[in-house]
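Colleague: Annotations for this protein, taken from Swiss-Prot, read as follows:
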{"type": "ACT_SITE", "residues": "Cys50", "note": "active site, nucleophile"}
{"type": "BINDING", "residues": "Thr49, Cys50, Asn51, Arg52, Ser109, Glu114, Pro115, Gln116, Gln120", "note": "substrate binding site"}
{"type": "BINDING", "residues": "Gly189, Ala190, Gly191, Glu192, Met193, Cys194", "note": "NADP(+) binding site"}
{"type": "SITE", "residues": "His99", "note": "site 'Important for activity'"}
Amino acid sequence: MNIVVVGLSHKTASVEIREKIAFAPTQMEKPLRMLIAIDDIAEAVIVSTCNRVELYASTRDVAGGMARLKRFLGDYHGVPVEVLEPHLYSHHGEAAIRHVFRVAASLDSMVVGEPQILGQIKTAYGYAAEFRTSGIILNRFLHKAFSVAKRVRTETKIASSAVSVSFAAVELARKIFGDLSDKTVMLIGAGEMCELAAKHFLNNGARGVMVTNRTYERAERLAEEFEGKAIHFEDLFDQLHKADIVLSSTGATHYIIRPKDIDEVIRRRKMKPMFFIDIAVPRDIDPKVNDVENVYLYDMDDLQNVVASNLQQRAEEAKKAEGIIEEEIGQFYKWISSLEVTPTIVALRSKFEDVRRAELEKTLSAWKDLPPDGAKRLEALTAAIVNKLLHPPTATLKRTGQGGRTDLYVDALRTLFDLQTELPEPEGSLELEE
């Protein structure tokens, strides 16, 4: 049995293509059941996120199985396969294992190290387990992927540094203030960058948010989203002393904050430090504000430098993660390679035993002058011959199952001796790790 992967991602397809074949998370039962009804698709899991759509399956026929999965993607969503084909990738065997381990560990994500993808794969597996479309192979496979991702996050620092401008602002604020739990954030502007920064600051423990904008209604909407306070733009300097962290991103064509404005603000704060982040282009804050005592000003270039440094660090950590994944691939492939060894050996022995017994019974029934212990001796003789004949192939099969590829040997024995083998019964769903 082989693991195969067919899918597309942000690396191979535009959002226009990705959205055409996205699966609704609340409607997974139908496509999952349709997948395992396809000839030779034994198990199936569907991963569908904003950045990727992937089908994981187990099948005996690798080429046929992957072709059927591609056809299913097109047919289910009403998109010609010819349209999808240039954007699709497919993997099997070790390559499929490597791909899924890398995806789960966030090495294939748009932002390397982001944690969301692991939760999304767990959710996808949860649907497959609920509708019983995963079995012994994909159960073991995905739980191994979860443990590999956990090991990567534990043994590397791949997710420990900011790789977005908004989160870099939080990282710098923590370097200045340490604990943010008693710090108030003032947002000057109500655009997407301010909103994202507010989320990061609050997720990292900031006490509260104030929002000001030239259009007061927009400030109100954003403040309401974060249970904060909206400030009229003309009241900015009357309220600024209440903020420990100020993030500015407006469309102004001139400085809206100058050193003389901050001199009075810092006095009202009794010289308590203030942290200004100017992510506007053109800049909102006069660079000379940084000369005011106890004021720390960072602009977009400063933040980009932090991001660039952290991206380099993540790249180094990603190399460590790749090493962990290669190690884990070897261990898992040994298991999946040996999965069909025992049933094949059992079937081979059973085949030989059936022949031995049939021929022995014919001989015994035709032998009229058989000595009293003749039947017993012939039984032992024929059993010994069968054991001698079967010892080399079964020993070789066991040996390859412990440390190498077995598909060649298993397939050869099945073909040569017309063996019918079955995998163990699916073990059902496994409890998801936290």
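Cβ atoms here come from the backbone N, Cα and C positions, even for glycine.
How about a rundown of where these features are and what they're close to?
Modeller: Using a 10 Å radius centred on the Cβ of Cys50 (active site, nucleophile) and all shown protein chains, the other Cβ atoms total 13.
For Gln120 (substrate binding site), the Cβ neighbour count at a 10 Å cut-off comes to 19, with all displayed protein chains included.
Residues within less than 8 Å, Cβ to Cβ, of Cys194 (NADP(+) binding site) and separated from it by at least 6 positions along the same chain comprise Leu187, Ile188, Val211, Leu222, Leu247, Ser249.
If you draw a 10 Å sphere around the CB of His99 (site 'Important for activity'), it holds 21 other CB atoms from the protein chains shown.
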Colleague: Find the shortest Cα-Cα separation between Thr49 (substrate binding site) and the recorded positions His99, Gly189, Ala190, and name the residue that gives it.
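Modeller: With Cα distances computed to Thr49 (substrate binding site), the winner among His99, Gly189, Ala190 is His99.
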Colleague: Would you mind listing, in sequence order, the residues at least six apart from Ala190 (NADP(+) binding site) in the same chain with a Cβ closer than 8 Å to its Cβ?
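Modeller: The answer is Val211, Asn213, Thr215, Arg218, Ala219, Arg221, Leu222.
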Colleague: Other residues with Cβ within 8 Å of the Cβ centroid of Thr49, Cys50, Asn51, Arg52, Ser109, Glu114, Pro115, Gln116, Gln120 at the substrate site?
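Modeller: Apart from the listed residues, the neighbours are Ser106, Met110, Ile117.
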Colleague: Given Gln120 (substrate binding site) and Glu192 (NADP(+) binding site), what distance in Å do their CA atoms have, once rounded to a whole number?
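Modeller: About 24 Å separates the two Cα atoms.
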Colleague: Taking the center of the Cβ atoms of Gly189, Ala190, Gly191, Glu192, Met193, Cys194 at the recorded NADP(+) site, which other residues in this chain have a Cβ no more than 8 Å from that point?
Modeller: Leu187, Glu195, Leu196, Ala197, Leu222, Ser249
Colleague: Which of Pro115, Gly189 (the binding-site residues) has the most other Cβ atoms within 10 Å?
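Modeller: Top count of Cβ atoms within 10 Å goes to Gly189.
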